[in-house]
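Visitor: Sharing a structure with you now.
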């Protein structure tokens with residue numbers, strides 16, 4: 001600081017500018033040097049497969065291929081079923097199941113998680129999509145669902161890049177348990193009209209109103225749909241008994257066996273009786289191509305709260321899977337990386353007209369039973385779904401819709417926790433047990449938003 005009034009010479013000014021320039025030049029150079037040295041490591045951390053692929057043991061390949069093939073056989077009928085559950089054309093379920101497992105597989109840290117359409121997400125979105133479309137008739141359910149995938153994927157990618165995965169640890173396990181059980185029960189009830197052939201819109205009303213409408217419309221029951229639906233469930237139960245008695249270890253293929261048997265029956269019937277009164281899937285209009293995802297302003301205005309709900313559901317469902325299997329196999333899962341991987345999966349789904357995806361607990365159990373060694377099994381699953389989209393969709397022409405309902409019923413039943421587990425939770429901590437029960441009841445009766453938000457509020461109180 002100058003104390004006199006002597007004017008600063010031009011030489012001093014130039015010297016000061018030179019010193020400042022040198023300082024900032026060194027600072028910027030240090031930053032770029034740091035970025036040059038650390039960016040490759042950071043990019044490799046974003047795509048974990050680049051770090052462990054060189055250590056891949058070829059002896060694991062058969063396990064990953066077998067797991068990928070098995071998961072494809074399980075995922076395809078479920079994807080079709082979950083799309084129809086939301087009143088979305090069946091092919092959009094296949095679109096959602098194609099590239100999302102591939103993107104997840106190359107960027108994930110959990111080898112057992114099976115990513116794709118899930119019963120929980122479909123159950124969460126079905127009523128909300130119906131409400132938004134009713135308020136905006138020019139919109140279609142598939143367009144709204146695609147916009148949700150864009151938004152959810154973007155949120156997850158941002159949180160993943162920010163390495164905010166520690167926030168996941170603040171989600172209580174009791175809330176996750178409550179919302180999964182409540183949603184599973186709600187899905188179970190919502191599929192009864194299709195299983196029984198009762199003309200009721202299962203996506204339009206709350207669960208109590210839906211139950212009332214089912215009983216009100218019982219005289220209009222379609223006995224052909226009822227026969228196929230109930231028959232498929234009975235066949236599934238019998239096959240489960242046989243599988244257990246003879247220890248065949250093919251439980252994960254039983255649903256596929258039931259579907260194939262009843263598709264063959266429907267094919268034979270329609271060949272001789274084209275006017276048979278059975279609801280079948282018929283033709284799927286395949287138009288699988290890349291489109292850059294966008295969110296229309298009216299969709300964003302209607303679906304802001306729904307985006308947060310879907311994000312929470314995706315996170316909780318996925319966390320339930322990763323916690324379960326990483327604890328069982330005693331390895332670490334990076335929550336931030338999982339958010340990033342799931343965000344990539346949702347963004348990939350949205351780029352090909354798909355809807356939100358997450359990890360499915362029942363499918364992940366199957367993937368674990370198939371002894372998947374690495375996330376490459378997800379990549380194989382996605383590639384095989386692409387083959388089905390381009391070459392084999394005509395196979396599902398005679399898929400009976402009551403069988404689709406039974407697939408969803410079976411999946412939702414497998415999500416329910418046993419009564420003994422609930423009793424154990426109440427004995428260990430009755431407060432957590434009560435919060436889980438309240439979250440389950442509210443989710444079942446009035447939807448995921450009320451159930452989850454109330455449960456989170458109670459757990460924080």
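Just so it is clear, glycine is given a Cβ too, placed from its N, Cα and C backbone atoms.
As annotated by TrEMBL, transmembrane segment applies to 21-37, 57-76, 143-162, 221-240, 252-272, 339-358, 370-391, 397-416, 428-448. Sequence annotations record features per position, and here TrEMBL assigns domain 'SLC26A/SulP transporter' to 61-438.
Any idea what these are sitting next to in the structure?
Guide: Counting same-chain residues at least six beyond the ends of the transmembrane segment (57-76), those with a Cβ under 8 angstroms from any Cβ of the stretch are 94, 97, 101, 114, 116-117, 252-253, 255-256, 363, 366-367, 370-374, 376-381, 383-385, 388.
Here the transmembrane segment (252-272) has long-range neighbours at 70, 73-74, 77, 228, 231-232, 235-236, 239-240, 243, 278, 280, 366, 369-370, 396, 398-400, 403, 406-407, 410, meaning same-chain residues at least 6 beyond its ends whose C-beta is under 8 angstroms from one of its own.
For the transmembrane segment (397-416), same-chain residues at least 6 beyond its ends with a Cβ under 8 Å from one of its own Cβ atoms are 77-78, 80-82, 84-85, 119-120, 122-123, 180-181, 183-185, 187-188, 191-192, 194-195, 197, 225-226, 228-229, 232-233, 236, 255, 258-259, 262-263, 266-267, 270, 278-283, 361-362.
Remote same-chain residues near the transmembrane segment (428-448) are listed as 123-124, 127-128, 172-175, 177-179, 181-183, 185-186, 206-208, 309, 313, 422, 454-455, 458-459 (criterion: CB distance under 8 Å, separation of at least six residues from the stretch ends).
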